[in-house]
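Feature annotations, reproduced from TrEMBL:
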TRANSMEM  25-47  transmembrane segment
TRANSMEM  67-86  transmembrane segment
TRANSMEM  93-112  transmembrane segment
TRANSMEM  132-153  transmembrane segment
TRANSMEM  174-194  transmembrane segment
TRANSMEM  200-227  transmembrane segment
TRANSMEM  297-318  transmembrane segment
TRANSMEM  338-358  transmembrane segment
TRANSMEM  378-398  transmembrane segment
TRANSMEM  418-438  transmembrane segment
TRANSMEM  450-475  transmembrane segment
TRANSMEM  495-514  transmembrane segment
Amino acid sequence: MQNEKEERFEDWKGREAIPGKHGGIGPASIACVVAMMENIVFVANGFNFVEYFMSSMHYSPATAANMVTNFMGTTFLLTLVGGFIADSFLTHFTTFIIFCCLELMGLILLTFQSYNSKLQPESDKTPSTLQATILFTGLYAMAFGAGGIKASLPTHGGDQLDRRNPRLISRFFNWYYFSICIGCILAVTILVPIEESKGWFWSFTISVGILALGLFIFMAGLPFYRFKSPTGSSLKRITKVIVSAARNQNKSDLDEELMQSLICTDEGISHTKLKCLDKAMLNKNISAIEVAETRTFLGLLPIFFSTIAMNCCLAQLSTFSVQQGMIMNRKLFGSFEIPAPSLVAIPLILMILSIPLYDYFGKRISSDISPSFNLKRIGYGLALSSLSMVIAAIVETVRKYQAVHNDFKISVLWLMCQYLMLTASDALTFGGMLDFFYREAPSNMKSMSTALGWCSSAFGFFLSTALVEVTNTITGWLGHQWLGGEDLNETRLELFYVVLFVLNTLNLLNYIFWTKRY
């Protein structure tokens with residue numbers, strides 16, 4: 001990785017950035033504010049789309065759940081595309097502007113559909129081809145835009161700070177996650193109730209206004225930002241190194257001079273790892289920096305893959321947990337009825353209160369954070385996700401027993417424990433991943449590397465969709481689909497949660513294996 005002094009930052013006119021005038025805590029804080037506003041829009045819609053698909057578009061619960069997980073998964077997967085564009089061809093600022101406009105276009109299309117009843121299916125009918133086309137066009141324009149934003153915005157904020165100060169970088173990502181949580185709180189306590197009481201047209205309209213305001217605020221900071229010019233395709237360089245190393249494996253070893261240049265260049269990961277890449281240097285067109293960059297990025301991948309199963313559990317908060325909440329007793333304090341998607345607000349409030357305390361005491365305890373600190377933080381999150389699935393299975397067993405045998409709806413607050421544990425798991429894992437990947441990544445692959453955190457969420461949501469389909473297929477062969485039909489009381493959701501527990505426990509062991517070798 002390059003040091004801060006070797007990197008050149010520019011102002012918006014292309015001149016060399018002036019410390020104190022360009023960059024710093026103020027411009028970085030704008031990224032946090034905009035992240036909060038974008039997350040209000042994304043979470044309010046993403047967490048409640050399952051209800052929109054069922055009530056307004058008349059899809060079945062299983063289809064609606066898969067549509068949500070596919071939407072969320074696509075969004076997070078596309079962060080890799082946004083990160084690649086930001087690192088290779090455009091600045092993080094320009095990437096954000098383009099993708100934010102794309103998300104706005106998708107929201108405007110969904111707003112138009114929710115306003116025009118002719119673009120919605122009639123009662124008890126599924127959408128027509130035209131109606132489905134408009135729905136999915138708006139939906140995935142929003143997904144593509146949100147993916148690019150999530151890849152470029154945190155890296156843009158990190159670029160405003162001195163990378164030689166790891167504590168400052170770590171604190172920025174803590175507060176960035178804090179902003180995301182604030183956005184989520186506002187989404188589920190304000191916008192989601194509006195969706196349920198006033199309708200989706202007003203919710204989409206407000207979402208358009210919030211995102212447009214966030215775009216304006218972000219652009220207003222233009223004179224104060226500093227920018228790092230893109231360095232060309234990092235994937236092309238990595239591919240070139242891997243191909244060259246493979247072709248030269250049977251050739252003689254590197255001479256002492258080339259070997260010394262590799263050892264001096266490697267900073268992101270120990271040179272004792274992935275030594276098979278060394279022979280790429282036998283190609284005179286490949287530099288030691290390119291080999292070190294490839295070694296560092298590939299070294300991050302086992303950590304990335306080990307977090308996917310946790311995000312599969314997290315996907316349940318926006319699918320089956322919402323469906324459970326919709327048929328439970330949601331009345332609190334007499335007549336007040338809490339929207340099922342708003343349940344996540346309570347654990348999020350606790351998380352928001354904990355982040356400033358974590359930041360304050362962490363700052364006093366240490367002036368530096370090693371990679372092992374974030375790896376432990378991620379590990380604790382993975383362990384919590386496994387435990388949450390045990391709780392989820394127990395709660396669903398109790399809920400279904402009372403509903404079927406006693407015709408009694410238990411309180412929706414029974415879901416609070418799994419919500420709290422999964423929210424804490426996400427805070428530990430995702431916060432640790434953002435910080436870990438940004439600081440460990442090569443300097444010209446910051447967006448791509450931080451996008452791995454979101455991409456893990458993508459694969460988690462896709463894994464959830466695949467597990468639902470596989471579970472229904474296998475159990476259908478055995479006589480009864482665990483997750484089939486529209487009545488949740490006739491499913492075996494509790495056994496599906498047990499499957500997720502087993503999967504996550506095995507994944508935790510896999511994670512421990514790789515972290516000991518990082």
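Every residue number used here counts from 1 along the chain in the order it is shown.
The backbone N, Cα and C atoms fix where each Cβ goes, and this holds for glycine too.
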- [ ] State the non-local partners of the transmembrane segment (93-112) in its own chain: residues 6+ outside its ends, Cβ under 8 Å from one of its Cβ atoms.
- [x] 38, 41, 82, 85-86, 119, 134-135, 137-149, 151-153, 156, 201, 204-205, 207-208, 211-212, 214-215, 218-219, 222, 225, 227, 447
Task: the transmembrane segment (132-153) in contact with the transmembrane segment (418-438), cutoff 8 A, at least 3 CB pairs, sep 6+ - done: no
Open item on the list: Under 8 Å between C-beta atoms and at least six residues away from its ends: which parts of the chain pack against the transmembrane segment (200-227)?
Closed with: 9-12, 17, 21-24, 26-27, 30-31, 33-34, 37-38, 40-41, 44-45, 52, 56, 91-93, 96-97, 100-101, 103-104, 107-108, 110-111, 114-115, 156, 159-160, 191, 194
Open item on the list: How about long-range neighbours of the transmembrane segment (174-194): same chain, 6 or more residues beyond its ends, C-beta under 8 Å?
Closed with: 29, 31-33, 35-44, 47-48, 154, 157, 202-203, 206-207, 339, 341-345, 348-349, 351-352, 355-356, 358-359, 362, 427, 430-431, 434-435
TODO: Count, for each of 25-47, 378-398, 418-438, 450-475, 495-514, the Cβ pairs lying under 8 Å from the transmembrane segment (297-318), and report the range with the highest count.
DONE: 450-475
Open item on the list: Can you work out which residues elsewhere in the same chain, 6+ from the ends of the transmembrane segment (378-398), have a Cβ less than 8 Å from its Cβ atoms?
Closed with: 303, 306-307, 309-310, 313-314, 316, 321, 324, 410, 414-415, 417-418, 421-422, 424-430, 432-433, 436, 493-495, 497-498, 500-501, 504-505, 507-508, 511-512, 515
